[in-house]
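Peer 1: A single structure is presented below for examination.
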Ligand code: GDP
Ligand code: ZN
């Protein structure tokens, strides 16, 4: 590829104040170009003769003038980040010296690097896989230490390995299948249907685990939007204040006080929740006021958008029609029923049985007295999958990866269905090929140029 023949340079450290600033140079002419602008301090030293993994002290030259002191660190292809000849030049921090150095390098023949171009070259030279390249980006972008740990686990190639295992199993199966279909006369051992479907099912399960780990990983990295719903006076605002640790929302015994949506970010265990306290949901009769009706409409919309729903019920009262309407709308969603006001509830009052079919979790609480907070924390972690997530395990870390993994999983599901519905092996083989193609896209082994562009567009220059 054309651009592989250029030699690029960029500031690798963050711009601004700092002890040192490092400029990275990579490409076939790195030694030639740096040789023109670097004057070693010690007699007899030269850039051209520098061995990999060594350092040299000197000054850089700009328009023939000796500038700042500069430490050069040498890497020889292929033993470098990009796989090319690389020289890292460190000068004093602040932007002035680094800017001068970049100017010198560009004058001497370097091209300024594009976004992510160093990492892109690393990918093209087989120094890392596409998933690793994406992980580099995630490490830079990750907020929160757990998120950074997750992204980093992909960086050391464990994600590529985890996917590689699935690929290998399916490729073996595919090879066997092809041989058997193409050379029926030959002595290819017959592929039993049980073995075939067995392998597909096993690898589909592995993909399912990867896919479900993605959403949990994303929850840890970015937090989740969580809506508080329930009819007026069940204790939503009290719960919000409890989670926030201070009085964020107005709590009153008068029904219908929370009219607009109150937003508050809170930390619940390892998960950050962006909480939305809503107007109580209930039917507004002919006399109901318009503002309340609008509030309720917005509440239902929040229910559709939220990544987590906390539906609050009054455990001391029988379920009303509004309660049941809420429960029905929660079905199939990531929703937890909070049975609040346990302190007022008698043994027989708890409407648990009625709610069970609609909710994944039911948590009794007394929000006013902070009772049940740990149970709620556990329920949330369990429901969002963060409890089950091994922070050491490699996870998918971009929407692109998720889409490819999902395509592979769906193709395997189709292959299994094809066999179970009595279609021939060739029909299943087509689905299997689709699944493999999706996995190749995922790891970048066969990725199209468009896919690679998409990944590198979001990189910052200097990486
Ligand atoms: P919202 O309309 O759903 O937001 O309900 P609020 O949070 O405003 O609470 C309504 C009333 O219920 C207030 O008087 C609260 O003090 C009271 N309340 C909230 N949680 C509890 C609880 O766990 N037990 C009891 N006994 N009262 C509660
Ligand atoms: Zn309220």
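Cβ atoms are placed via backbone N, Cα and C, with glycine included.
TrEMBL: automatically predicted annotations, no manual curation.
Feature table excerpt (TrEMBL):
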type	residues	note
BINDING	24, 88, 127, 463	(6S)-5-formyl-5,6,7,8-tetrahydrofolate binding site
BINDING	233-238, 252-258, 277-280	GTP binding site
BINDING	233, 252, 254, 257	K(+) binding site
BINDING	237, 258	Mg(2+) binding site
DOMAIN	223-385	domain 'TrmE-type G'
Peer 1: Looking only at Cβ atoms, how many others are within 10 Å of the one on residue 233 (GTP binding site)?
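Peer 2: If we count other Cβ atoms within 10 Å of residue 233 (GTP binding site), we arrive at 21.
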Peer 1: Measure from the CA atom of residue 127 ((6S)-5-formyl-5,6,7,8-tetrahydrofolate binding site) to the CA atom of residue 233 (GTP binding site) and give the result in Å, rounded to a whole number.
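Peer 2: Cα-Cα, rounded: 60 Å.
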Peer 1: Return only the integer: C-alpha distance in Å from residue 236 (GTP binding site) to residue 127 ((6S)-5-formyl-5,6,7,8-tetrahydrofolate binding site).
Peer 2: 53
Peer 1: Residue 236 (GTP binding site) has how many other Cβ neighbours within 10 Å of its own Cβ?
Peer 2: 30
Peer 1: Do me a favour and check the Cα-Cα span between residue 24 ((6S)-5-formyl-5,6,7,8-tetrahydrofolate binding site) and residue 237 (Mg(2+) binding site); whole Å is fine.
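Peer 2: Cα-Cα, rounded: 54 Å.
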Peer 1: Tell me the Cα distance separating residue 237 (Mg(2+) binding site) from residue 127 ((6S)-5-formyl-5,6,7,8-tetrahydrofolate binding site), rounded to the nearest angstrom.
Peer 2: 53
Peer 1: When the Cβ positions of the binding-site residues 24, 88, 127, 233 are compared with the atoms of ligand 2, which fall under 6 Å?
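Peer 2: Checked binding-site residues vs ligand 2; nothing flagged, none.
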Peer 1: List the binding-site residues 88, 127, 233, 236, 237 whose Cβ sits under 6 Å from any atom of ligand 1, in sequence order.
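Peer 2: Result: 233, 236, 237.
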Peer 1: How big is the gap, in Å, between the Cα of residue 88 ((6S)-5-formyl-5,6,7,8-tetrahydrofolate binding site) and that of residue 237 (Mg(2+) binding site), rounded to a whole number?
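Peer 2: Cα-Cα distance, residue 88 ((6S)-5-formyl-5,6,7,8-tetrahydrofolate binding site) to residue 237 (Mg(2+) binding site): 56 Å.
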Peer 1: Minimum Cβ neighbour count within 10 Å among the binding-site residues 24, 127: which residue?
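Peer 2: Fewest other Cβ atoms within 10 Å, among the binding-site residues 24, 127, is found for 127.
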Peer 1: Per-residue pLDDT averaged over the domain 'TrmE-type G' (223-385) comes to what?
Peer 2: 82
Peer 1: For 88, 237, listed as binding-site residues, tell me which one has the smallest number of other Cβ atoms within 10 Å.
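Peer 2: Among the binding-site residues 88, 237, the sparsest Cβ neighbourhood within 10 Å belongs to 88.
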